[in-house]
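**Q** Sharing a structure here in structure tokens format.
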Amino acid sequence: MRVLGIETSCDETGIAIYDDEKGLLANQLYSQVKLHADYGGVVPELASRDHVRKTVPLIQAALKESGLTAKDIDAVAYTAGPGLVGALLVGATVGRSLAFAWNVPAIPVHHMEGHLLAPMLEDNPPEFPFVALLVSGGHTQLISVTGIGQYELLGESIDDAAGEAFDKTAKLLGLDYPGGPLLSKMAAQGTAGRFVFPRPMTDRPGLDFSFSGLKTFAANTIRDNGTDDQTRADIARAFEDAVVDTLMIKCKRALDQTGFKRLVMAGGVSANRTLRAKLAEMMKKRRGEVFYARPEFCTDNGAMIAYAGMVRFKAGATADLGVSVRPRWPLAELPAA
């Protein structure tokens, strides 16, 4: 069975084709980073217009890459939420229209379920059950996963997501958008211990996160210590260490609470090398395993949507003729497969 996946939830247009026997047959991606860089963040209207321009050509490119035609596609999956409503509507409209024209099922996919299942695309996929750390620009969540659609929210950010805090702090340090990866690169040149940032909400029970205060702490540290290159690098190092330590502490608690031996990292921030190294070290000490997708599948992409669509299609999920999206869509509302 072959599923075409369409991802347009934010500022990446991702198209992929997944075969349940052969794996990933095609993967096309267009990033709008340069388009939004001058504005310091994603402009929803510009994102939607660019998806309109790029989605169909990328579908054609994916078919060409795979050597397939429309007749070879068994279902069309598209991101139905959460995300920017205009951007979501582009992918949903194209996906639903193609499914109708090709006379195949249309499968609405939850964007965060796509991220959560992205490590399943690797050669050594995780088995259930596991604790999932979904960490991106829009979400920071700890989830108990016992099967497809069997998701229990253990904790989440009560304000800024970790990725959002990275980008905002990077902007304070004078870095371009998107600043998260640039901040991490700068942090690698920083001196550990010169500045010590707090580890928010680790001094109390629970699995929720709060990262907005770290941005304020960074702003005050910059104000009080100047902006020479080494100071900026030291501040970046202190900030990244604080975020990584906070995530690690909460992951430990979640693993203790569930008793699970497997940890899955997903979302854009899961590509962070420091976070990967620290969590890998932690799981080795616990005699457990950590899983994550390759870096290009940590950020938004069509491959994860094609795979999640295939899983949902096998479980009997389909869409009606209407085109509907959900900009806000709790993961816990998904049915079990």
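The backbone N, Cα and C atoms fix where each Cβ goes, and this holds for glycine too.
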**Q** Determine which of Asn220, Asn225, Asn272 appears in Swiss-Prot for the same substrate site as Leu134, Val135, Ser136, Gly137, Gly138, Asp167, Gly180.
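**A** Between Asn220, Asn225, Asn272, Swiss-Prot records just one in the substrate site with Leu134, Val135, Ser136, Gly137, Gly138, Asp167, Gly180, namely Asn272.
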**Q** Pick the one from Asp300, Asp320 that Swiss-Prot also lists for the Fe cation site with His111, His115.
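**A** The record-listed residue among the candidates is Asp300.
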**Q** Could you tally the C-beta atoms, other than its own, that fall within 10 angstroms of the C-beta of Leu134 (substrate binding site)?
**A** 26
**Q** Between Gly137 (substrate binding site) and Asp300 (Fe cation binding site), how far is it from one CA atom to the other, in Å?
**A** 11
**Q** Once His111, His115, Asp300 are set aside, which residues in the chain still have Cβ within 8 Å of the Cβ centroid of the Fe cation site?
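**A** Counting only non-site residues, the set is Glu7, Ser9, Thr79, Met112, Gly114, Ser136, Gly267, Asn301, Met304, Ile305.
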**Q** Please work out the number of neighbouring Cβ atoms within 10 Å of the Cβ of Gly180 (substrate binding site), leaving out its own Cβ.
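**A** Within a 10 Å radius of the Cβ of Gly180 (substrate binding site) lie 25 other Cβ atoms.
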